[in-house]
Amino acid sequence: MDPHLSLRLQQLQENLAISAKAIAETTEHLALLVPIPDQSISETSSTGAQSPKSTVTHGFSTSGELEKEKFELQQNGVPYLRTTAPKRHSLFSARSSISTLTADENPGARLLDDWSENFVLCEQEAIEAYTYLYRMRDVNPSPQRRRPSALGLQMSCSDMLPVPENLQDSLKLWRPVWDFLTIVLVVVDALVLPLLLAWPELSYSGSFWSGYYEVTPVFWMVDIVLNFSRAILSENRKAALLGYLCTWFLFDGFLVTLDLVLLLQLVPESVKALTMARLLRTAKFRHAITAVESRLAANGYIKVVNFSTILQCVTFIFGVNHTLACVTFYVGRTRQQQQDSNWLDAYNIMDRPMSFQYMISFNWVIAEYTPAPYPFTAQNELEQALMLAIILTCLPMLGAQIGIISGTLNLMNEKAKERDHVKRDLQRWLRKTRVRKSLHQRVVAALDDVLGSQESPLDVKDPLALNFLPSSLIEELQVVSTGEKLSIHPFFSMLMDERLDFRGRLASAFVMQVAVQGELIFTADRKAEGIFIAIHGGFQFIPSKNESMSLKATSRRKSTYWNNECWFAELALYTTRTHSSTLSSATYAKALTLTAQGFLQAVKEHPAIVVAAHEYASCLLRLHQKRAHFVENTWELPPLSWSLESVAGTQLAELLDPGTSHLHAFKLEEEQVDEIKEHIHELREEDGVYYELNCQEDAKHATLSMLCLTWLVRGQHSSMVACQDSGRLTSASWQAIQELTQVGEMTFEELNGLMVLLGIRGICKSVDFAKLCPPSERKKPEQVLCYTVESLEHYLPSLACLAPESYLHLTAVVRMLAEFNFAQFLQGENNPHAIWLLACSLEREGERVLKMCLLAQVCILCGVTGSSTLTGSLFLNELNGRCLVKALSCLKQVQDLEPHVVYWRYITSRAEALNLFVHTASHLVLARLACLTRCVEPQGIVELQKAWLDLTGREREVLMDVFLLDGHAHKALMFAYLPLFLTNARANHDVGLLAGLKFLVEIYEKLLRHKCLMLSGPTVRVDMSSLAMVMKDVEDVPTLRKCFDFAKIVRHENGVTVLLTSASYQVLTGQLVQHTRSTDMLEQLAQQQTRLESAILAKVPRARTSVFVSECQSDMFESIHV
């Protein structure tokens, strides 16, 4: 610490001690003029002989005699603000233009701070984009995806059939195999058919070739079936079928028919030459070999393609000469059988062996179009015509094929010369620059690796035509090229959809990384920067050698991964990670890389993509945490199924590909409704919706809620309390609940509607089920429930089977449930504005709906313990039952009293049950605190009173604003999860209720500094769930305060979110320690000032001591400022 600051702080302490002594002497003199109460606050709180009732009342009345409180209680028990409300609490304050929603963070999955904040800021704007996609889905129910299989989801539209993944994999595997078999059979036909024409004795009955041509027609018939299957399973089925029927089907059908005609011997021997028509299948040879070459070229095997071209030319020359030689012999033999002059008899060829006969014929054919003389000549007109045809056709054919061979060889030579030239230039430059020998060898070896690879820069050059194309087309070509490479990744493939208008930004965000053989891509124990997608070459993945690593897991992992096969370190895009493995290049390799910051920058202006990425990342992190023990040492290489499941967990997946959700299997047809009217189909363990959505806990809650409704209707008190050991619900409270809910007056239709409501309500909490709703209706489960009742009844059997009258009752209750949260009212979490919303809903729906709504709320609360037991309700004990009776009694008066009167009357009744009679505003604050801390016994009031009295006057005034402003006539903040926050603070012995209240004051003041009350609406909702969760385990208040210093206050349309950052969690875990002595000294000074102020206020009036306090404060603040 700075020595000057230390010296100044010491002087400040000495000055404070002198000031305190002077104030004490002055107060002794003033005490003679001011009457001091007989019983001080400290004495009251420390005496145990008085009852809680008298203690609380007397303590607050004493403080009230010294100074007037900020609020005054009216005769109806409603607090009234004495002074004019500040402008920030006015309903006419400025409104924010920010439009977003809160984020429901998963406590177990902590994303990067930027992702969490951007999600909160972008969710509302993303809903607008999703709504547009949802409407477009209704207009165009069968959108065409360029790569639907890349999502790993099934297409289900009217023009396409769902293709199972195993069938797709089988087709991909068998296509090259079938092409290879086609090439082999066509080559065999080209060799054997001419021989069988010239020498028919080779195909005698029972010979190999005779049996061969009896079997091959089956292969070609199967080929036709496979072509039809590929056309049916293609993306555009109609176009593919029509194209095949008009082209290859006619060709294949003719040749298969010819095979069957020849097999059945339906043609005479005189037209046996018709068998040569089978050679038309050489066209399929060209088609198949082109497909194989395309695959080779796509994988970078350019040299193989060049050698294939030369081999095809040589094969073509040989095949043509082979066929002509056999035809020449066949013509001579035909003339011999007709006893005409022929070249076979003229030169005694028939006396020679068959192999010699073939070679003589082959030599004669070649000699006809070469300058070499040959002694044979044609002996008849047919033979002479054949020779002329050979000369006229073979000369151009030979020249063309020789030209192709020469061109290919020249191209290969030029490439080799260019590679040698590049290598020599590099070696010359290295020698002139006098590079050391080891580096020289490494550079030359790397160049050899690059130039010898399948994607050598010399083999793949940008064509000159690109210089003449517009930039828009060039950019589109680059996007298409990158998109094809990203197609292996399900999430990025989905983001490349044209409707999202994000392809260009995503493609430009990726950077190409090139590595030579043996180069390290990333190493263990280094910070992970982002994702690596392999697009070319091989990569060596080496997991860390950790003793805790599962041997079974490592044995299943390959060590080398090739292009377009996998990606690495995807989790680094969304959370901070350290590499636990090493990745190097096994060959000359290329990878597309994307950093977390690059991805965030790319999606910054696309809210829909931000939300989709957040949903995808959250699901991916949850899957990783479930298997963290087994895959932590190889987290860089996640299974493909994780990405597919995470993509399916996003809203975009269902919007871009309607019908992909497995929930569509539950949609009922009209004839199925009658089959399931007798039971609640959703709760079945075999095929129920709850269990299909993995919502077993919600299913138990729904079951117990329905049981509680049954027990209330039948008056089965013993069944309700069967599981309660102590503090059982008494018969008086049970009867009071029955009377207040008027369950005995409910009609069958009303009870039937409530029963179905309780059965389906838990389903609407499922994120997967919410995807069936429009994006604008997914903000809260109540909104999902409203839309489900109105438009998704065919997905819920119980709702689809409901009678019309019961359905009308149910819809009215659902609308009222969306307006009023009974559980928040029960624990004082909301404010009088919520009662006003209930009153408005009551005017619209009617009193009968209010009774049904309250009964449903009671049953829902009773069912919260369903996961523990179904033999009664653990919630509805005597203490909670009394709270329910008071809440129901007050809400029954909504139609007769003002909303704020109803609200504060309930709070007051809860306090009176705890022997706290409300006479002042402080009493009312204490009463609401009793509700918020879930205090149901009088002993808890003593702790609340002590914490309240230990607060300073300024802190009490702030808390009065927090708890007494109604949020209707005056703007107020409504802290969501405040009961959990205070309960956890109270349960944490290192924090305590007093520190929790002081910290709440700090939160409130920070929210005011951020102008959070300037947001629209009379009540601004503050989501403090993250703070409430950490309050339970935080070690001390300074740690909590430092954690809050790193938090972000995110404002959005519907409220404010207190968002803990990664630095906040590092403070909690001790990874980030910022401890300075100056901070401790400043805290001590603040405590001294607080004690000094309390001592002054306890002895003299505030007006007479303000001078002393102001002088001390000014001196302190001046010292701190210096």
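Glycine residues also receive a Cβ, built from the backbone N, Cα and C atoms like all the rest.
Automatic, uncurated: that is what TrEMBL annotation is.
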The annotated transmembrane segment range in TrEMBL, which must be one of 211-229, 800-818, 914-932: 211-229
Transmembrane segment per TrEMBL - which of 309-332, 597-620, 837-860: 309-332
Sequence-remote partners of the transmembrane segment (241-267) [C-beta within less than 8 Å, at least six residues beyond its ends]: 213-214, 216-217, 220-221, 223-224, 227-228, 231-232, 274-275, 277-278, 280-281, 283
Contact check, the transmembrane segment (177-199) vs the transmembrane segment (384-409), 3+ Cβ pairs under 8 Å, seq sep 6+: no
Sequence-remote partners of the transmembrane segment (309-332) [C-beta within less than 8 Å, at least six residues beyond its ends]: 190-191, 194-195, 197-199, 273, 276, 279, 282, 289, 342-344, 349, 357-358, 361-362, 364-366, 382-383, 386, 390, 394, 397-398, 401-402, 404-405, 408-409
